[in-house]
């Protein structure tokens with residue numbers, strides 16, 4: 001009988017083995033991570049500290065910021081450490097944990113963006129009744145459901161992936177433990193896993209994008225009925241940042257997961273993963289801050305107080 005040795009740890013190969021490029025990447029991604037934390041935690045602090053931001057729209061935004069901060073924390077610190085490590089090793093349990101958390105926060109963000117689109121529709125359709133229509137009885141369950149959906153999706157894929165055998169190469173051609181590169185090195189039949197990934201990710205994408213499209217379809221009908229130019233400008237300002245965040249996030253996720261497995265190109269996909277898991281969490285606070293009047297006013301208020309105190 002042939003002895004089969006199961007893998008007990010994995011090696012994250014990353015996107016380069018050039019020593020000079022690794023040092024440069026270390027400082028670059030460390031700066032991105034610190035900027036991500038500063039931006040997202042700063043936005044959460046603004047929402048908590050400024051009474052003008054105490055409404056469902058900004059509660060959703062603060063939850064999105066917490067998800068982005070956690071999502072980046074699951075991936076970036078490990079990658080940064082690997083840039084200056086001789087052995088880029090992650091344990092079997094560590095890999096499973098990283099994948100579970102990455103899928104949880106990534107999926108939660110999909111659901112949250114859909115909930116935020118619905119929230120924008122409610123606010124614009126009947127602004128006078130917004131606080132009543134989007135009361136804690138409505139937005140709190142939406143937030144909880146987003147997390148629950150993310151956790152359930154992560155459990156499905158983590159269990160399905162780590163029940164496979166890893167008895168050959170333990171080198172993952174990626175920056176973190178993601179589903180496609182793990183399936184690529186498994187010595188088991190991964191056909192079921194590939195179908196599971198395609199249909200689960202596809203279902204989530206279709207449902208959440210449909211909610212976004214319907215919400216913004218209704219918003220557009222409201223805009224067309226609005227005669228006031230100032231009213232239209234305010235609506236576009238409010239919704240533009242959310243549409244930008246939705247487009248960038250869903251575009252990369254669709255490209256990464258909802259396509260035939262034989263079209264995967266791990267090196268190319270790695271760059272896409274960096275964008276949606278590291279760059280987008282950094283950009284979201286900027287997108288929402290620069291295009292949102294209330295957030296900009298809150299920032300000016302904070303810095304104004306510091307200047308006066310100084």
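We count from 1, first residue shown onward.
Cβ coordinates come from backbone N, Cα and C, glycine included.
As annotated by Swiss-Prot, topological domain 'Extracellular' applies to 1-23, 74-97, 153-194, 257-269, with the evidence given as sequence analysis. Swiss-Prot lists 3 with the feature N-linked glycosylation site, giving sequence analysis as the kind of evidence. Positions annotated as transmembrane segment by Swiss-Prot: 24-44, 53-73, 98-118, 132-152, 195-215, 236-256, 270-290. Among the features that Swiss-Prot reports, topological domain 'Cytoplasmic' is placed at 45-52, 119-131, 216-235, 291-310. If you look up Swiss-Prot, you'll see 95-187 marked as disulfide bond.
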Which of 95, 187, all disulfide-bonded residues, has a Cβ with the fewest other Cβ atoms inside 10 Å: 187
Tertiary contacts of the transmembrane segment (236-256), as residues 6+ beyond its ends and Cβ separation under 8 Å: 106, 109-110, 113, 116-117, 120, 123-124, 180, 201, 205, 208-209, 212, 216, 219, 223, 269, 272-273, 275-276, 280, 283-284, 287-288, 290-293
Of 24-44, 132-152, 195-215, whichever stretch has the most CB pairs under 8 A to the transmembrane segment (270-290): 24-44
Outside the transmembrane segment (195-215), six or more residues from its ends: residues with CB under 8 Å to it: 107, 110-111, 113-114, 117-118, 120-121, 149, 153, 156-157, 160, 179-180, 183, 246, 250, 253-254, 257-261
Non-local residues, at least 6 beyond the ends, that sit with Cβ under 8 Å of the topological domain 'Extracellular' (74-97): 7-14, 22-23, 25-26, 29-30, 32-33, 36, 105, 158, 161-162, 172, 175-177, 182, 277-278
Three-state secondary structure, which DSSP defines for residue 95 (disulfide bond): helix
Remote residues contacting the topological domain 'Extracellular' (153-194) - C-beta distance under 8 A, at least 6 residues beyond either end: 4-7, 9-15, 74-75, 78-79, 90, 92, 95-96, 98-104, 107, 200, 204, 256-257, 261, 264, 266-267, 269-270, 273-274, 277
